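Data block below; observations after.
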Amino acid sequence: MTTLGTCRFVPPYLLEALAASAHPAADHGRATLDADARLRTARMLRPPAATPEEAAVATGPAWTVHTADHGSALPGRAVRAAGDPASGDLAVDEAATGITGALALFAEIYGRSSYDGRGAPVSLTVHYQQGYDNAFWDGTQLVFGDGDGRVFGRFTRPVDVLGHELTHAVTQHTAGLEYAGQSGALNESVSDVFASCLKQRLLGQTALEADWLIGEGIFLPGVRARALRDMAAPGTAYDDPALGRDPQVGSMSDYVDTTDDNGGVHLNSGIPNRAFQLAATAIGGTSWEGAGQIWYAALTGGLVGAQSDFAGFAAATVAAAGPHADAVGSAWEQVGVTPSVASSGAAGAGSASGSAPGTGERVAVRRTGGFAGLVAAGEIELDGDPRSAEVRSLLSRIDRATLRAGSPHPDMFSYEFDLAGHRAVVPEQHLTAELRRLVELVLGDGSS
């Protein structure tokens, strides 16, 4: 099993755009990015208001919702477990409703008991940090912020956010798609696929009736956005002065080659996302019973590996499609992907480190990744900047020869450093205390 890093819902480029803007919530964007730097490896649709007399949640794999009480310690204080009545805390109860629906989807439709297939208990934490604009799976549990209150609302509100993050856990325990390049974009897309199946199942929609939006309701009123992503029309979900325009692509003709965002995993995931939407609508019926069954069989059938690329994954879906093979193959062809079993694929760019010399005496940090895909960047000139004394002290304690690249976690951030001439890309889970402080100084938020 390939080890995956923290999977985040908000892509780093989106948080970075917010952080770099003049929007009043820019500080929260920076704070979210900085809080992510301190993490360790270790909307749902608004449900009907629960009453104290409401029946306990249906039985199934054990789960517990905790609250971080706006701190960073995980998992935090336990508030509600499977079988308990509603707590009265909206975020807690949204998470409870969402995890119940997500576990039921995998159990009742795909015969899978919890994310590992063996009934593993699920740990969830809400109210993480102050103004935290993200949600993620860190390899062991699900974590949700409350948003900044100006751009982002609660990350527990859209049910597909929770479905997306839980599916990262399923992928971790099945194909183990490496979180970089095309395999990383597939990792992201698979999470959107089953997030959309969950949302549509709870709404009782067919594939043709669905809106195919991911994260609808995550943005607050006043933000020019329908959702975070649109699987039917990648690149059209939002166009806002503070956030910029949705940069997702939906065809191989627009494929983005970049070292940002672990090789553009949140950008290029729009390509397989659109392929699934096309297949689901062509097959008809419900997405979770139609195309969803095919995608799940491909993910778990042994033909998809850690470094599978789009063509290889497409071939696995065609092989699993039975009488729908032509419809599935056509869906991939429409996004510019030709299914090929000979295509093993490489993980792609975005996680390697290097030591190419930089220019000038400066320290620069560029952060990409995260569920929203926002990008943040900043630099400090070591001559004359009031922060330079602390920065020089930090540099003296950082062993640049041992900076760890490693494998990034899904939806976690990736940091590109230029440390006065030494360049390295470090995934969030490998940030040392010195690097975390450096991130805080350079990106403009020094809060602990």
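From the backbone N, Cα and C atoms, a Cβ is placed for every residue, glycine too.
TrEMBL does not curate its annotations; it predicts them automatically.
What TrEMBL lists as active site is GLU165. In the three-state DSSP classification, GLU165 (active site) falls within a helix.
Under the heading active site, proton donor, TrEMBL lists HIS266. A helical conformation is recorded for HIS266 (active site, proton donor) in the three-state DSSP classification. For HIS266 (active site, proton donor), the number of other Cβ atoms no farther than 10 Å from its own Cβ, over all displayed protein chains, is 34.
Marked as domain 'Peptidase M4' by TrEMBL: 91-172.
Here TrEMBL flags 175-337 as domain 'Peptidase M4 C-terminal'.
Separating the Cα atoms of GLU165 (active site) and HIS266 (active site, proton donor) is a whole-number distance of 14 Å. Secondary structure counts, DSSP: the domain 'Peptidase M4' (91-172) has 34 helix, 12 strand, 36 coil.
Confidence annotation: the domain 'Peptidase M4' (91-172) carries a mean pLDDT of 97 in the model.
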